[in-house]
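Feature list (source: Swiss-Prot):
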BINDING   ARG48  L-glutamate binding site
BINDING   ALA82, THR83, PHE106, THR152, ASP174, GLN197, ASN249, THR250  pyridoxal 5'-phosphate binding site
MOD_RES   LYS198  N6-(pyridoxal phosphate)lysine
Amino acid sequence: MSMADQLQIPADIKPRDGRFGCGPSKVRPEQLQALSTTAAPLFGTSHRQAPVKNLVGRLRSGLAELFSLPDGYQVILGNGGATAFWDAAAFGLIDKRSLHLSYGEFSSKFAAAVAKNPFVGDPVVIKSDAGSAPEPQSDPSVDLIAWAHNETSTGVAVPVRRPVDSGDALVAIDATSGAGGLPVDIGETDAYYFSPQKNFAGDGGLWLALMSPAALARVESIAASGRWVPDFLSLPIAVENSLKDQTYNTPAIGTLALMAEQVDWMLGNGGLDWAVKRTADSAGRLYSWAEERDYTTPFVADPKLRSQVVGTIDFVDDVDAAAVAKILRANGVVDTEPYRKLGRNQLRVGMFPAVDPDDVSALTQCVDWVVERL
């Protein structure tokens, strides 16, 4: 019998819900219940008819309220997830050249997608080591500046502020794991894009972008230039359909319904301010615990860059974090493993709004209990 099978964490210290994944993330039971009640009549019906379009409209209006969208900004959506949006943006938001901050797996991927696109110039890439981040900056040769609000692979969060002297360059923020859990002034961005499976406790396969009038104008001007774009990645097509409360091709009703329920739940509890305070509470508990123990330390050295939605905790060499995660998983406390390509002796903890801060505290108790017995 393995150590993971032998160690049984006492029930009275375990979290009430043991899901701490960084995406897919915890889905609240009330969201799942809605799939079989209020959303049930929508399954198997046309996405071009009022019932499904009303669901899309509910989601779009909810996001507009949650993020206090400035005048002229629009909620645009399409199928394919934020990964698809990287290619869509390369085709439809970059006129000639872009600048990218690269400080982890996901912030580097947008730059890589742009580098492969034959219609735009080679991107300017500003790199830093994992666990840190470059300062947002401008460059006179670029017309789009991009970085990630939250680097999911490392737990680094970079504030969203339009760089000085950025001129007419658009600011595109990958908010896949930041939107809904980190503070943001949408007016500082032109395309703030994300997916449902992080803070919004939904399934993947959908991208959403909060787009400014300048971004919408850029979409139109690039389309008018005659640049070839696959229809599936066409931002003009996405904009046209979104303004009609629909997607270009058939959406997953469950994904839309789960996310709409989560947005309504956030709004009902106090909106983005409430959600940000909740994730900050969770993060405060995790990082203070890690700093108090002699066998753990936060991976992100600069407290100002530590994410309050994705926490990465390093362990000393003589404590095997992988063994800890395996024992936790055997006891129903799941998805605390680090990002696979980072290759560190650490745990990674999702602290999205659906996660109860008390469960984060319980997780730390469980880790203490396990480490004492290794």
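Don't overthink the numbers, they just go from 1 along the chain as shown.
Even glycines carry a Cβ here, placed using N, Cα and C.
Here the features listed in Swiss-Prot are placed on the structure.
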residue : record                              : Cβ within 10 Å
ARG48   : L-glutamate binding site            : 11
ALA82   : pyridoxal 5'-phosphate binding site : 28
THR83   : pyridoxal 5'-phosphate binding site : 16
PHE106  : pyridoxal 5'-phosphate binding site : 21
THR152  : pyridoxal 5'-phosphate binding site : 25
ASP174  : pyridoxal 5'-phosphate binding site : 29
GLN197  : pyridoxal 5'-phosphate binding site : 26
LYS198  : N6-(pyridoxal phosphate)lysine      : 30
ASN249  : pyridoxal 5'-phosphate binding site : 13
THR250  : pyridoxal 5'-phosphate binding site : 12
Given the binding-site residues THR83, PHE106, THR152, ASP174, THR250, which one's Cα is the least distant from that of the residue listed as 'N6-(pyridoxal phosphate)lysine'? THR152
What three-state class does DSSP give ARG48 (L-glutamate binding site)? coil
Pyridoxal 5'-phosphate site span - longest C-alpha distance across ALA82, THR83, PHE106, THR152, ASP174, GLN197, ASN249, THR250, in Å: 28
Expressed in Å to no decimal places, the gap between the Cα atoms of ASP174 (pyridoxal 5'-phosphate binding site) and ARG48 (L-glutamate binding site) is 29
Where ALA82 (pyridoxal 5'-phosphate binding site) and ARG48 (L-glutamate binding site) are concerned, what is their Cα separation in Å, rounded? 23
Measuring Cα to Cα, how many Å separate THR250 (pyridoxal 5'-phosphate binding site) from the residue listed as 'L-glutamate binding site'? 9
